[in-house]
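> The following block contains the structure, expressed as structure tokens.
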Amino acid sequence: MLVQDRAAPSPAKPPKSQIRELPTHQQIRRRFSEPKNLDFSTWFSENLSRIAVFSLLIVTIVAFFFLYNTTDTASLLCFQSQSTQFLQSLSRPQIKWNSIPVVPDKTSPYANFQTEKWIVVSVTKYPTEELKSLVKIRGWQVLAIGNSATPKDWSLKGSIFLSLDAQAELGYRVLDHLPYDSFVRKSVGYLFAIQHGAKKIYDADDRGEVIDGDLGKHFDVELVGLDSKQEPILQYSHENPNRTVVNPYIHFGQRSVWPRGLPLENVGEINHEEYYTEVFGGKQFIQQGISNGLPDVDSVFYFTRKTTLEAFDIRFDEHSPKVALPQGVMVPVNSFNTLYHSSAFWGLMLPVSVSSMASDVLRGYWGQRLLWELGGYVAVYPPTAHRFDRIEAYPFVEEKDLHVNVGRLIKFLLAWRSEKHSFFETVLDLSFAMAEEGFWTEQDLKFTAAWLQDLIAVGYQQPRLMSLELDRPRASIGHGDRKEFVPRKLPSVHLGVEETGTVSTEIGNLIRWRKNFGNVVLVMFCNGPVERTALEWRLLYGRIFKTVVILSSQKNSDLYVEEAKLDHIYKHLPKIFDRYSSAEGFLFVEDDTVLNYWNLLQADKSKIWTTDKVSKSWTSVKPTGNSDWFSVQAELVKKTVSTMPAHFQVNYKDATKNNHETLTVCSSEVFYVPKRLVTDFIDLVDLVGDMDLHYKVAVPMFFLSMDSPQNFDPVLGSMVYKRKSASFNTSSSLYSAKAPAVHPWSISSEQDFIKLVQQMAEGDPLLMELV
């Protein structure tokens, strides 16, 4: 459908919504003078030239629409034309909210079913593999909404399916307004879920797979209570009053990608934020997730940034923090990967009078503006789903309402005000104003009225209005309120265009390092004060590795520091191996050793890395008596080796040349265990059991039992290594950016960390951005 022009309000009924700086049709009509009272022949002769021009115009319009409806090329569809219509007055629905009875479900087989967490999807084809994975998410009920194209025998165990016939029996008012062949029939599903106890609704797509199969891991599913995080959230700055919309993909590392619904005039704004502010969590009632693979992009991007047979596989930074939108700044919101809390359920309504690919985007902007009336906000989350690009035709024509109107809509919404005193009246007021302005038609005004009445009928309680912050003087943002975060600039290597000029060498190196170590877990034991260093270590190494697990002799829940004993550190590692079972390997390092990760790229991640080639780290000791420490440890090694299975025992004895008189000791400040040997490592830990075997003895024993030293990767053999002395003090002359690692290096404060980063910047210049 084409977007309708704004209808003129009746002279007897002035508009009830207040719109700033937007001309009305009454003002437009006053520009024209009254027609003269002429007889037809005189009028015809005086206006012959005008009639000819007008006739030509009519023929042109008819020809254009004929071509428009018979041509499927993107170039023609870029041009938009709105049909000229007679101005018609709109009537605002009058609803008696207190007279709407609550109507429980008495007809469906699920009349007595109640649950709080729902996943609502529209289905046109038989169940996809992605949809089957959604059904497996624990604690969430999948609700599949059919349309006229859905197979009659559609079925998926674990889901609830509502066919067209089943939908019709529910008796909702919105059914009179919904098309039969569109995904916007999801509105029926939202009402059904609310009627059956929904408190959270995940608006999903049947080709999207939730990453790790856990919505609670990615979204803030709980906003109140013991399970809620109640933490400050990074927020875009509101300091620039001229900025009304942002591209969230920049925040998550993809500055050359833009979401469907972003005004095309804003596509070129690719600079990251100078600074952010913070907002307290708990009112992010609409949570927009980012999708890896095929993110929500518009047809302009889809057609111009890829070849026909190339599938998109775009990745975003999973480590970027979630980010909130302040009042006055908007963001595109879709129906593919979005979590709605009950306070925003009214905002799930999908408009029916606009093109299908514009429906959820218009809903998102409409909903954001109304959310401000409740003191709520939208937050955007790091990758929560993976959508697969099936290389299907992407209909530009279905987005025509976006490219023509979305920029104007945002300006309109920021200027719009309402004087209504209840929230549902305010919702209806905005829908009326949007119909007046031609963003949708009177059909959606009536649909809004039906939707709001259905919400009450299924038991939904309308929220209470709060004062709008937009009309208050904005507080100045002080230096202490500024929060810095520099997004990664991930190169879009998948794109059909070259981006050589936009991605610096440093960024390219970072991507290369991240690609190499992105599935390696770094385990760090902190001997120093974690209160002063834990966050810094995560900042330094978290850019490179899959995750950074920090251990210390004392637990610190606030900093996510786990308790472990260094003497028996190997006994703690199996827990971490199990937690990150998909990791490619595990790199252990103590905080007195610096990793120059750029020099580890050549190492084989399928082999053991250790310091067996570093003479001061890996030594053989001959015990001198029965009671000294080395003798005790040697006896424990003999006891362990005697219980080893044949393959371990043979490896160990071959490596030590069956010499029972010496004990292999390794300082073990840094070592790497590949995934293929994780099971062997765990088996050896189990063999040690409760014995008091020190890690400097256990780790080399494990490695010699697991594989031949000839197979160890020699990458750490060239590290800078000096033994600590009682008067040890870090010296800048010790550090070398050309070595794979440096030991020792003392870090006990933020200032020590800054000094280290300044040294490491020789190998990784981007580190200077951290200080």
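Each residue, glycine too, has its Cβ placed from N, Cα and C.
Reproduced below are the annotations present in Swiss-Prot:
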type     : residues : note
CARBOHYD : N242     : N-linked glycosylation site
CARBOHYD : N729     : N-linked glycosylation site
REGION   : 1-23     : region 'Disordered'
TOPO_DOM : 1-50     : topological domain 'Cytoplasmic'
TOPO_DOM : 72-771   : topological domain 'Lumenal'
TRANSMEM : 51-71    : transmembrane segment
> Counting across all protein chains shown, how many other Cβ atoms sit within 10 Å of the Cβ of N242 (N-linked glycosylation site)?
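So the Cβ neighbour count for N242 (N-linked glycosylation site) comes to 4.
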> Mean pLDDT for the topological domain 'Cytoplasmic' (1-50), as a whole number?
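Mean pLDDT for the topological domain 'Cytoplasmic' (1-50): 41.
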> Does DSSP give N242 (N-linked glycosylation site) helix, strand or coil?
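Coil, per DSSP.
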